[in-house]
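Features of the protein shown, as given by TrEMBL:
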{"type": "DOMAIN", "residues": "27-215", "note": "domain 'ABC-2 type transporter transmembrane'"}
{"type": "TRANSMEM", "residues": "31-50", "note": "transmembrane segment"}
{"type": "TRANSMEM", "residues": "57-77", "note": "transmembrane segment"}
{"type": "TRANSMEM", "residues": "83-102", "note": "transmembrane segment"}
{"type": "TRANSMEM", "residues": "109-131", "note": "transmembrane segment"}
{"type": "TRANSMEM", "residues": "137-162", "note": "transmembrane segment"}
{"type": "TRANSMEM", "residues": "174-195", "note": "transmembrane segment"}
{"type": "TRANSMEM", "residues": "228-250", "note": "transmembrane segment"}
Amino acid sequence: MNRLAILGQSMSSGSADFKLVYTPTSWATGWMVRVLAQVAFYSMLGTLLGDHERTRYILIGAAVFIAVLEPMMTTASTTWERVAGTLPLLTAAPAGLVLVFAGRSWYWVATGTASSSLALLITAPMFGIHISLTQAFIVVPLLFVVALTTYGLALTTGSLALRFYAHRNVISNVVGLVLMAIGGFMVPVTFWPTAVQWVAHLFPGTHGLTAIRAALESAPASEVLTHAVYALLIGLCWASVAMWSFWLLAASGRKSGNIEFGD
């Protein structure tokens, strides 16, 4: 079986998993209501301060963060193979773990892009923030870039969660909250000490958010594209780390025979 076929089968399996998590109705009336409420809640902080620019800053950051939050759920969904008892079988298979895990949680990228786009376009007018049609057509692909590049990071944390299953949710939540705090979503990255700023720039979401803010400020296309490319490059680096981590997991499991058949 070639690599594309393996990836396709893995994505198909992931789609089946997603249908068990959400129906169209539960996604629209459950998850999206929660997302809109979260973005509105954070935006109200700026309103309480009586600062329209602060409201705009927080709203954009909160909406874009959804494109980070959902792909980070890959950390937990990666461990489902361990719960199902299929991890040892995947490890023994000649295809390896990388392609399987790269495809099995792809839906978080799709739903993260959709949720974030809707959150931004619906809540912005509620707080008096205008987003033109042209800006919307630019921002939605950039939100996909944020979700896609975060997926590389999430695969890395997912590979760690396979090793430390009991802490799978802690791992994703800690990484997500740290990024939310220092990545420019709520306060500018420059608010933090230089060392923290360096850490913030290790996350692709930081650069993707900067590209989106630039696009919404009608900055030159070269500036927007530069930040988007930074996000893609850093996301690729994280995906490479994930590949290496999965390879190590499989290699050590074959050597020691300690990969579990579920919990």
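Cβ atoms are placed via backbone N, Cα and C, with glycine included.
TrEMBL does not curate its annotations; it predicts them automatically.
Segment contact holds for the transmembrane segment (57-77) and the transmembrane segment (109-131), given three or more CB pairs below 8 angstroms at sequence separation of 6 or more. Listed as Cβ neighbours of the transmembrane segment (31-50) (distance under 8 Å, sequence separation of 6 or more from its ends, same chain) are residues 22, 56-59, 61-63, 66, 115, 118-120, 122-123, 126-127, 186. Nonlocal intrachain contacts for the transmembrane segment (109-131), taken as residues 6+ away from its ends with a CB within less than 8 angstroms of a stretch CB, comprise 18, 22, 27, 31-32, 35-36, 39-40, 43, 46-47, 52, 55-56, 59-60, 62-71, 139-140, 143-144, 146-148, 150-151, 216.
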